[in-house]
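Everything on this sheet refers to the single structure shown next.
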């Protein structure tokens, strides 16, 4: 069993690194630039079980929030929907697809891309008929890395959208407030 979990963790990490490289190139940066800014990234994994809830309108599995990390790779239950994203002020269900991951941009990618990529407001809802599970893998910057947008992404004569900070500073601020309050990145704006 542990061998399967280990293989899964390594494969998801490799996928995450390739996605970060693609994002870096999409911004006109060197392939490894964002990975270097984020430093030696940690990886956390959460296996979530959402039991049947007879009155799902009275609770959430997780309230609306953005992820404090750089990138989240989510494997959804293929039989039961539960993930919702905020689009144009409305919560929209993300339909599960077999053999597919959901990729969420986290707060740190929004910051290091100077706002070109946006972190995703999302929530998890419960179901009145069926339980569901999800597996989330979070790629997190090195605690001591100074997170800042590369100069190439800052327009001439202007400041970066966000101040420089470490992931430790951000993470502490993120968890010192309610998840569904204003976007934590607002506290780090220039």
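Backbone N, Cα and C define each Cβ position, glycine as well.
As annotated by TrEMBL, domain 'Fe2OG dioxygenase' applies to 41-141.
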Give me the mean pLDDT over the domain 'Fe2OG dioxygenase' (41-141), rounded to a whole number.
91
Count the residues of the domain 'Fe2OG dioxygenase' (41-141) that DSSP assigns to helix (H, G, I), to strand (E, B) and to coil, and report the three numbers in that order.
9 helix, 44 strand, 48 coil
